[in-house]
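Engineer: Here's a structure for you.
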Amino acid sequence: MLLKVLAVVVPLALVGAVSPMMLSEQTFLLSGRDGRRVAARYALGVVLTLLVILSALVLFGRSLALPKEPTLSASLDIVLGSLLVLLAAALEVRRRRHRPTEARSRALGPGAAFGFGVFSMATNFTTMAVLVPAAKEIAAGDLEVVGRVVAILVVVVVASLPAWLPLVLTLVAPGPAGRGLKALADFVAKRGAQLTVVLVAGLGLFLVGRGLVHVLGG
C-alpha cells in the first residue's frame, strides 16, 4: 500500500519541486558571504515549513475518514484536479504576460535566512497547491502511522529539492557543482515556468480522470 501511495505522491512532489524562484534564491545565497551556512538555514526554513503544512493537511484528511469514504475521495480527486488545471491556465496567462525576472535578494545572515526560507515556502503557491492532493493521497491511503510518516517525509524531501540539493552539491563537489547549478538555474529561468504549466495541467487531468473512473465505476 505504501508503494502505491508513493507512486502517486512522488510525481506530485516532483512537480512541486519545479520552483525557479526558490532555486534562484538558494543559488544567490550560496554565492554570498558565509554562503553555505546561510543556505543551510534557508533550506531548514523551507523543509520545516513543508513538514508542518503537509502534516497538518494529512491530519485534516484523516479527520474526514477518507480511507472509509472512497466516493468522497474520488470526488476530491475531481475537485483538486480541476483546480490544478485552472491553476495551470492561470500560470500560463501570467507566463505570457510577464517576462521572467531574476530573484533579487539582499545579503542575509543565518537567522534572517531561516525566516526567508519559511516565507518563500509559505508563499510558494504552486508548491502549496500540489501539496494538497499529495496530502489527500496520504490521508486516503490505508496506511499505518509509520507508513504515513514515511510518505510525508518522502514528499517533503522531494518537494524541497531546490532548497537543499544546491547546498549538498556544493559540499560534495564545489567546482563542478557551481558550474552545474549555473547551467540548471539558466535552464529553469528560461523553461521552468513553461514546464510547471505542463506538469501541473497533466497532473490535474490525471486526478480528474482517476476521480471520474472511480465515481462512474463505483
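The count begins at 1 with the first shown residue.
Glycine is treated like the rest: Cβ placed from N, Cα and C.
Unlike curated entries, TrEMBL annotations are predicted automatically.
According to TrEMBL, the record shows the following:
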- 40-60: transmembrane segment (TRANSMEM)
- 72-91: transmembrane segment (TRANSMEM)
- 111-133: transmembrane segment (TRANSMEM)
- 145-173: transmembrane segment (TRANSMEM)
- 193-213: transmembrane segment (TRANSMEM)
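Map these features onto the structure and tell me what's around them.
Structural biologist: Packing against the transmembrane segment (40-60) from elsewhere in the chain are residues 22, 25-26, 29, 108, 110-111, 113-122, 127-128, 131-132, 134-136, 138-139, 148, 152-153, 155-156, 159-160, 163-164, 167: each is 6 or more residues past its ends and has a CB under 8 Å from a CB in it.
Here the transmembrane segment (111-133) has long-range neighbours at 12-13, 15-19, 21-22, 25, 29, 38-39, 41-46, 48-50, 53-54, 57, 77, 80-81, 83-84, 87, 91, 105, 155, 159-160, 163, 196, 200, 203, 207, meaning same-chain residues at least 6 beyond its ends whose C-beta is under 8 angstroms from one of its own.
Long-range contacts of the transmembrane segment (145-173) within the same chain: residues 1-2, 5-6, 9-10, 12-14, 16-17, 19, 22-23, 26-27, 30, 35-36, 39-40, 42-43, 46-47, 50-51, 54-55, 58, 117, 121, 127, 130-131, 134, 138-139, 180-181, each at least 6 residues beyond the stretch ends and with a Cβ under 8 Å from a Cβ of the stretch.
Same-chain neighbours of the transmembrane segment (193-213): 11-12, 14-15, 18, 20, 74-89, 91-92, 95, 100, 126, 129-130, 133, counting only residues six or more beyond its ends whose CB sits under 8 Å from a CB of the stretch.
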